[in-house]
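As structure tokens, the structure follows; a few thoughts come after it.
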Amino acid sequence: MSIKHIARTSYRALWVNKSRSFLTVLGVLIGIASIIMMMSIGKGAENLILGEIGGLGAETVVVRPGQEPTGPTDVAETLLGDSLKDRDVDLLRKKSNVPDVIEVSPFVIVPGSVSYGGDTYRPMVIGGAADFFIDSFDAYPEEGVLFDESDTRQKANVAVIGSKVKEELFGDKSPIGESIRIKNQSFKVVGSLAPRGQVAFFDIDDLVIVPHTTAMTYILGIDYYHEIILTAKSADMVEYVIEDVTRTLREAHGITDPDKDDFFAVSQQGLADQIQIIIGSLTAFLSSVVAIALVVGGVGVMNIMLVSITERTREIGLRKAVGATKKNIMNQFLFEAVLLTSIGGVIGIILGGTLAFLISLVLAQTVAPAWTFTFPISAVFLGLGVTSLVGLVFGLYPAKKAAEKDPIEALRYE
Amino acid sequence: MSKLIKATNLKRVYGSGEVETVALKDASLEIEKGEFVSIMGPSGSGKSTLLHILGMLDRQTEGTYEFDGKTIDEYDETQLANLRNESLGFVFQTFNLLPRTTVLENVQLPLIYSDVKESEWSDMAVKAIKAVNLEHRLEHETGQLSGGERQRVAIARALVNDPDVIFADEPTGNLDTKAGIDLMSIITDLNKEGKTIVIVTHEEEIAAYSRRMIKLRDGLIEEDKKISK
């Protein structure tokens, strides 16, 4: 029996019961659509974050409090740690400790909103060195100046604002010399930046930079940093810088067991690897949860195949009488099950891809302008492979049952 | 004429122990090529069982069966399926056509399980359909046909592989008298052209078309006689 005739027979059998076939395969379809969607969005998130990290530059080393994250829950810890203090920054700045570094810049993140007159806006507020950020992000002041080290030393209430912040609070008016409020503190705007867009997690246009000393003392009331960014002399030296930083801080914090580190230093590459691991494991976890839907869908397929075989008992008897072997019958029903689930797989892949595309559009319009739609080709092969496998596995038992039917009993079946 | 079927001391027992039923006690018969044999008997006489064994859809519990000079008792299921495909044709009381499928495709069905090249299927099927006078119905679906026409499609299907013998199990059972007579005249013509026919029936009028009548009762052959015409 040629594949062509198996295919035609299967197609006809499925087409006769169009709605039943569709409902049967819905479980498989939804399962595959969800997996495809998850993989696509996971990949999109990964690309987005990797792109952002890439914006930091290959010479950058980031030091954060807490343990190096290996899973999603560890990330929260690094935001709450209080182990990086002034003394650490001073030690890292010493050439004798970390020789291959050009710049050491600590910063803190200030939650909350900014207001001017009656207007309130929620930009990203960070406490750090204005010139460091501006250099790192390749931005420049459009109006006014940047605050400098003496402002930082004096804990001056000065701020540099991004172009979007300026537009939201001041409109066409010049912001220079005006006072804005962050929490309960008043800050004088000394400079506003030209539009720059998103670089390395920071939407420069949506940024307000104040001296970290002022932020820590008057706004946050803390004596530790959220992050220290170091710039190595060259990308090749990043590894040495990480070694030196780790050694210096372990000494300073009196840590002998590396497992008890209360900080971690990573390069851009290290950060990228971490993110990939976290997103990859998240995607895999979610996909495996969704895979349960495939099993449920497969059981549905098996159920309907059994019904179909009972309905077609006489047909099976007749086919055997005119010369169909067990193998012929088995192949026919197995093919039918695989065809059914594969059709579900194809529709599922298209549906999942479409949904992921729409979600990408929404994300790009709202929270993540740099988001791009990614459709992993591997997901297509995986989807088709998995659906065919579901058809094979769950079609095997019904097909075997069909093949085992006794022709005489089958022909007599009412 | 040479022997096509040689069955010796066929016995068929269903079940075992308390529920054991003997459907066929001891039947021996020989059928030569070109014969037109009817098997008669009341229900429960074992006539269908005998037909199923001769048609290789069932196996005897005891006895031997030689078909065309070969003892097929040791054949496995696949070998039997192939032999049915090449050498036998079946006509059933309930037609057993594929629904929502054209006459042509129904008649081609045995060929898809055969070694015959696909390019020849259509010609072979059309030839068989012409033999039952249905060439004007080739592309009709079986649901559009009358009972008599459907049974003629079934005969065409049985003919398509040019079998050594056609087994018909109560072929007129679901037809009215007129359609039954038409069908029997087609079967008679096929026999005249040389086909071996074995037909199971409980109607004397139908058996009267044949040239040899075997009567079964309680699993035994009660009578085996030539019908003189």
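Placement of Cβ uses the backbone N, Cα and C atoms for every residue, glycine included.
Straight from TrEMBL, the features:
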| type | residues | note |
| --- | --- | --- |
| DOMAIN | A:21-247 | domain 'MacB-like periplasmic core' |
| TRANSMEM | A:21-41 | transmembrane segment |
| TRANSMEM | A:284-309 | transmembrane segment |
| DOMAIN | A:288-407 | domain 'ABC3 transporter permease C-terminal' |
| TRANSMEM | A:333-363 | transmembrane segment |
| TRANSMEM | A:375-397 | transmembrane segment |
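With a cut-off of 8 Å between Cβ atoms, the residues of this chain six or more beyond the transmembrane segment (A:21-41) that come close are 14-15, 283, 286-287, 290-291, 293-294, 296-298, 300-301, 303-304, 340-341, 343-345, 347-349, 351-353, 355-357, 359-360, 373-376, 378-380, 382-383, 386-387, 390. Sorting the domain 'ABC3 transporter permease C-terminal' (A:288-407) by DSSP state (H, G, I as helix; E, B as strand; all else coil) yields 101 helix, 0 strand, 19 coil. Taken together, the residues in the domain 'MacB-like periplasmic core' (A:21-247) have a mean pLDDT of 83 on the 0 to 100 scale.
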